[in-house]
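Read through the structure below, which is laid out as structure tokens, and then see the notes.
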Amino acid sequence: MTQITLKSFFLICISLQLIMSQSPSDSCSSQNTCQDCIQSKECAWCSKPSLDQNSNDNSRCFSSLLIGSNLIDCEIKYIVNPQNEKNVLIEKPLTKIDRPILRAGGVGGSEIVQITPQRVSLKLRLNKPQRINLSYSRAQDYPVDLYYLMDLSKSMADDKDKLSSLGNLLADTMKNITKDFRLGFGSFVDKPLMPYTSIAPERLQNPCIGNDDCASPYGFINHMTLDVNTDRFSKEVKQAKISGNIDTPEGGFDALMQAIVCEKEIGWRTQARRLILFSTDAGFHYAGDGKLAGVIEPNDGICHMQNNMYTHSKLQDYPSVAQINKIVKKNSINLIFAVTADQEKVYDKLASRIEGSSSSKLESDSSNIVDIIRDGYNNLSSIVEIRDDAKNFLTVKYFSKCLEGQTLNETNKCTDLKVGVPVDFEVEIKALFCPQSPSDWKQTVKIYPVGVDEALILDIELICNCPCENPGDPNYEVNSLKCNGNGIYKCGICDCNKGFYGRKCECSNRDSSNPLLTETACRPDNTSLVDCNGRGNCICGICECNARPNPDERISGKYCECDNFSCERHNGLICSGSDHGTCRCGTCDCAAGWIGSACECSTSTDTCRAPGDTKLCSGHGECECGECKCETTDEGRYSGKYCNNCPTCPGRCQEFKDCVQCKLYQTGQLSKEPDFCDKNCVQIASINVTEKVELSDDIYDHLCTMYDENNCRFQFVYNDRVENEIVVRAQKEPDCPAKIFTLGVILSIIAAILLIGLGTLLLWKLITTIHDRREYARFLEESKKARWNAGENPIYRQATTTVKNPTFAAT
């Protein structure tokens with residue numbers, strides 16, 4: 001009984017599937033040709049010649065899920081259902097450690113191989129992903145070509161002198177990294193045209209004021225081709241003359257373009273890591289700036305070197321950033337911009353727009369140039385980033401566990417690579433649609449590690465038509481009798497010549513006026529009043545659907561009932577874009593990994609996990625349609641792509657403050673008792689010391705700024721990606737305010753008061769003395785001018801009075 005029930009259930013399911021496949025809205029049944037059929041998802045074509053088409057013209061295209069069932073009257077040999085094919089053409093093994101290798105100069109042991117396989121051929125059916133395994137391993141003593149491209153305008157004079165003295169140190173440092181190292185040197189200034197440089201005769205001879213040993217301005221000079229003779233490098237740098245220009249930006253792009261494309265003149269090797277160090281203290285001219293000097297011819301990206309000098313400085317404009325990026329990718333160049341602090345932001349943005357580039361801060365005298373080159377090379381060689389040049393009708397995805405991962409994540413970049421330790425990638429490539437031109441159905445795609453001149457080459461052939469649609473196939477007959485001699489019989493149907501119509505090309509233009517043909521055969525049922533649903537013309541009983549102004553939009557179906565442009569849109573894109581789904585007969589046919597009426601929802605939860613994290617939405621939200629919907633808790637509301645931000649939530653800065661103080665600075669509450677620090681800081685796995693604390697791109701980094709009991713400011717970043725294993729990066733020394741000498745300040749204040757008082761008294765005394773002297777002098781002057789007449793003062797009275805005694809008698 002159970003077996004009968006299961007069998008009945010199975011038959012019901014198959015029948016339902018058949019009904020769906022025969023529905024006019026089904027993507028398979030609406031396809032009229034083998035080519036259109038196999039370009040539809042999960043569809044197969046029956047090319048059987050004797051297939052009865054009277055009941056349903058579209059029954060040749062059916063769901064591939066029905067293959068093998070008795071519901072399809074088509075033998076396997078007539079079914080066209082192509083599948084992906086993969087064939088590894090070249091697969092050389094990776095170079096092993098301590099294995100003799102073929103040096104870039106052509107001597108040594110076997111060839112260096114860092115990527116495998118090297119060539120694979122693929123046949124791809126639309127929307128059928130194909131995976132390829134790819135391995136990359138960093139080879140030991142991989143050859144390195146370093147070309148030093150330096151700005152030799154007047155402001156870089158001290159940098160040139162410093163570089164010449166560091167030549168041997170630079171060579172020794174690089175030889176510690178690889179035994180096969182070569183060094184070259186070139187310089188640039190700017191175009192010898194106004195307004196970049198002065199064209200006055202005396203200034204063209206000597207553009208530097210007060211310097212008789214200054215060279216005439218130039219675009220680019222190759223002073224030294226790549227060579228193992230590092231002593232010559234120091235000599236060439238020392239002998240190179242400083243020049244000058246007028247405006248601030250330099251012509252470095254001209255020099256950079258020539259240094260890359262002139263492979264023979266510079267001496268680039270075919271199998272070596274190519275490094276260009278671009279050193280300057282100014283900005284750069286780019287495409288369009290040449291018009292200021294009347295130079296309107298665009299830069300052609302071709303080598304124009306003669307006698308080691310750039311010859312087209314006055315003839316061609318500067319390259320654009322896009323041109324530089326294109327030529328850097330083409331020639332596998334690793335570009336390092338070493339610039340002064342004031343130019344750091346500009347070149348950081350420039351480096352982000354050029355593949356395989358980075359920017360570093362250059363000291364004012366270039367004293368740290370050796371460190372920049374060493375660190376830059378180590379960073380480049382310890383990271384592998386896989387990219388490709390696939391066109392828009394192909395999508396390429398990369399998956400890897402990197403070196404220590406346990407799960408396969410979608411990523412094209414792995415870090416912390418070690419010599420001889422391979423890292424594996426799974427490359428998934430899928431064809432989204434067939435280009436209009438059959439010449440584009442065959443493609444060559446390059447998959448390459450950034451900055452490495454090795455690649456996996458994919459020879460791809462898109463399966464866009466059926467073999468029976470090509471001349472030479474047994475099912476291909478020109479002017480076939482099966483088509484009444486009026487068309488090509490292919491894949492079981494007739495492709496009628498111009499002027500003929502019908503299933504067997506039995507109708508011609510003169511039959512198109514037959515009312516029986518136009519009124520019945522072009523209507524899906526008796527209730528329809530419009531032929532071909534109003535979207536086509538009924539000719540000889542067959543609907544010819546209207547063409548759309550947009551060639552990518554198409555109306556199809558027996559009655560023109562289907563199209564590929566009426567599906568639901570998301571963010572303005574039909575079915576959310578070609579990488580999410582395809583519009584078939586008004587319904588979105590979603591690609592693997594997408595669901596929804598507009599294929600807008602991702603079935604994957606990987607986009608809800610932060611890199612390296614196993615928790616969905618950092619444990620603070622739900623993953624819906626591939627996006628995190630963050631939660632609100634009592635502590636606060638979480639936000640961000642991975643719900644990792646919570647501005648109102650209390651952080652853990654205060655929790656780790658004492659641990660950072662005691663472990664790093666031996667201060668704080670936990671340093672007062674022995675073993676307190678170790679007992680209370682077990683959750684901190686490590687503390688890394690750095691000169692400057694900065695947040696990285698890791699979303700689990702949290703910056704803390706704290707003050708200790710002495711009001712010293714210190715910063716640290718804690719990373720809580722792994723619970724109970726906190727990693728801290730802290731600044732080496734706290735920033736403490738300068739100590740104040742209190743007694744000295746008091747004595748200084750007292751001394752200042754006394755000095756001010758004494759100064760005031762002296763000033764007052766000086767003023768009064770000057771005033772008295774002036775008054776006395778004026779008094780003397782007035783005294784000299786006084787004149788008095790001789791005479792008695794009428795009011796004067798003598799001081800003595802004589803009185804005579806009247807009784808006195810003289811004797």
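Placed from the backbone N, Cα and C atoms, the Cβ positions cover glycine too.
Here is what TrEMBL records for this protein:
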DISULFID  Cys34-Cys43  disulfide bond
DISULFID  Cys37-Cys74  disulfide bond
DISULFID  Cys208-Cys214  disulfide bond
DISULFID  Cys402-Cys414  disulfide bond
DISULFID  Cys434-Cys704  disulfide bond
DISULFID  Cys496-Cys505  disulfide bond
DISULFID  Cys585-Cys617  disulfide bond
DISULFID  Cys590-Cys599  disulfide bond
DISULFID  Cys625-Cys677  disulfide bond
DISULFID  Cys630-Cys643  disulfide bond
DISULFID  Cys653-Cys662  disulfide bond
DISULFID  Cys659-Cys736  disulfide bond
DOMAIN    33-466  domain 'Integrin beta subunit VWA'
DOMAIN    653-741  domain 'Integrin beta subunit tail'
DOMAIN    765-811  domain 'Integrin beta subunit cytoplasmic'
SIGNAL    1-21  signal peptide
TRANSMEM  740-764  transmembrane segment
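Within the same chain, the residues at least 6 positions away from Cys599 (disulfide bond) whose Cβ sits under 8 Å from its Cβ are His570, Cys575, Ser576, His580, Gly581, Cys588, Cys590, Ala591, listed in sequence order.
Taking Cys37, Cys505, Cys617, Cys630, Cys643 as the disulfide-bonded residues under consideration, the smallest Cα distance to Cys214 (disulfide bond) is found for Cys643.
Remark: secondary structure over the domain 'Integrin beta subunit tail' (653-741) totals 21 helix, 28 strand, 40 coil, with classes taken from DSSP. For the pair Cys662 (disulfide bond) and Cys677 (disulfide bond), the Cα-Cα distance reads 6 Å. The sparsest Cβ neighbourhood within 10 Å, among the listed disulfide-bonded residues (Cys37, Cys585), is found at Cys585.
In the three-state DSSP assignment, the secondary structure recorded for Cys496 (disulfide bond) is strand. Measuring Cα to Cα from Cys653 (disulfide bond), the disulfide-bonded residues that fall within 10 Å are Cys704, out of Cys414, Cys505, Cys704. The Cβ neighbour count for Cys736 (disulfide bond), using a 10 Å radius and every protein chain shown, is 13. Secondary structure from DSSP puts Cys43 (disulfide bond) in a beta strand. For Cys208 (disulfide bond), the same-chain residues that are 6 or more apart in sequence and have a Cβ closer than 8 Å to its Cβ are Lys154, Cys214, Ile242, Ser243, Gly244.
Restricting the average to the domain 'Integrin beta subunit cytoplasmic' (765-811) gives a pLDDT of 76. Neighbour counts were taken as the number of other C-beta atoms within 10 angstroms of each residue's C-beta; across the disulfide-bonded residues Cys34, Cys590, Cys630, Cys653, the minimum falls on Cys653. All protein chains shown were included, and the count of other CB atoms within 10 Å of the CB of Cys662 (disulfide bond) stands at 21.
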